[in-house]
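Taken verbatim from TrEMBL:
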type    : residues                          : note
BINDING : 181, 192, 219, 223                : Zn(2+) 2 binding site
BINDING : 181, 183, 186, 191                : Zn(2+) 1 binding site
BINDING : 186, 219, 225, 229                : Zn(2+) 3 binding site
BINDING : 251, 252, 253, 320, 321, 362, 390 : S-adenosyl-L-methionine binding site
BINDING : 323, 389, 391, 396                : Zn(2+) 4 binding site
DOMAIN  : 37-95                             : domain 'Chromo'
DOMAIN  : 179-237                           : domain 'Pre-SET'
DOMAIN  : 240-363                           : domain 'SET'
DOMAIN  : 385-401                           : domain 'Post-SET'
């Protein structure tokens, strides 16, 4: 089903809830906010008769209820810190990033500064809510963080987090599994990979040991082995805490790891809506007009299906391209042996330090041949137009496709 974002503003929803005495935690209307006043953020600043005042947006109340309050009435040191930090950040960017000397005794903020401070406060709240939503919906233990210290961009308005493929009508992504291995201790002679004619993909340390281009066959829901089986890696989800962050070089959103990742480790799956190649061609024409697309051909055995992560996806939706990537694409088969519908897993090609951005080559050769026409910073797509690459790698090819 397609979803339509709510057209009512947050303030309108808050006011309606308050009038009807309704609670809605996701927009800040709780028992506490209905019965008391809690500072949501600070909007402005002024000095009158030697006293400092801040314009307060009260949590759960519309902006029409904002009031000027002396600092002594405010018990919100973090919000005061955010307010001052946002004010100084704006002043430091006024002249192309050249820091300006900030006066300590101003009588009032200029309207442009106050407007920026409010936008940053609203962005901070929106990103926090988005982070909470992502962590509610994910099905793995590791955390997802969100960060934007670059601009005023907020959460994408038309993106819905999913944990696995979302098949279009008529497409069955669970097909072909009727039995599993009988191993008491995988891997054995008749374990799943060997039954499929391939070797076990992982070593004793649960790290990838096969070359790009070879498929991964993991134990499935019919197998006798338990959850600690060494041949159950991708199906457990990403084990690393990741951060969706705003890049500072025009590549949009990106993803960085918050933990060290060792070589040949599973990092994440690429998921989205599974559609036919014909539908992908139609959508691709529409995406071209928007300057971006997220189409990923599942061409391990044939070119019949495509994954579209434009509206439905997980963290991989935000992973950027690099001509010198630290992730590699592999095809995985678990509860579906249909060679036309492999799951797509991303594994580390080297040790990745905590705080380092995660990337993969949209033209990566190996398990899948990818080309891209997406705008810089977007996910892999079908080749349509020639796009300049901004990955910054020494070996950069100059174009994404």
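Using N, Cα and C of the backbone, Cβ positions are placed for all residues, glycine too.
Per-class residue totals from DSSP over the domain 'Pre-SET' (179-237), listed helix then strand then coil: 7 helix, 4 strand, 48 coil. Of all Cβ atoms in the shown protein chains, 20 besides its own fall within 10 Å of the Cβ of residue 229 (Zn(2+) 3 binding site).
For residue 191 (Zn(2+) 1 binding site), the count of additional Cβ atoms within 10 Å of its Cβ stands at 23 [all protein chains shown]. In sequence order, 182, 185, 187, 188, 190, 192, 219, 223, 224, 225, 229, 231 are the same-chain residues whose CB sits within 8 A of the CB centroid of 181, 183, 186, 191, the residues recorded for Zn(2+) 1 being left out. Restricting the binding-site residues 181, 186, 191, 229, 251, 252 to those with a CA within 10 Å of the CA of residue 323 (Zn(2+) 4 binding site) leaves an empty set.
Residue 192 (Zn(2+) 2 binding site) has a Cβ environment of 28 other Cβ atoms inside 10 Å. Sorted by the number of other CB atoms within 10 A, the binding-site residues 183, 223, 225 start with 183, the lowest. With a cut-off of 8 Å between CB atoms and residues at least 6 apart in sequence, the same chain places 188, 190, 191, 192, 195, 219, 223, 224, 225 near residue 181 (Zn(2+) 2 binding site), listed in sequence order.
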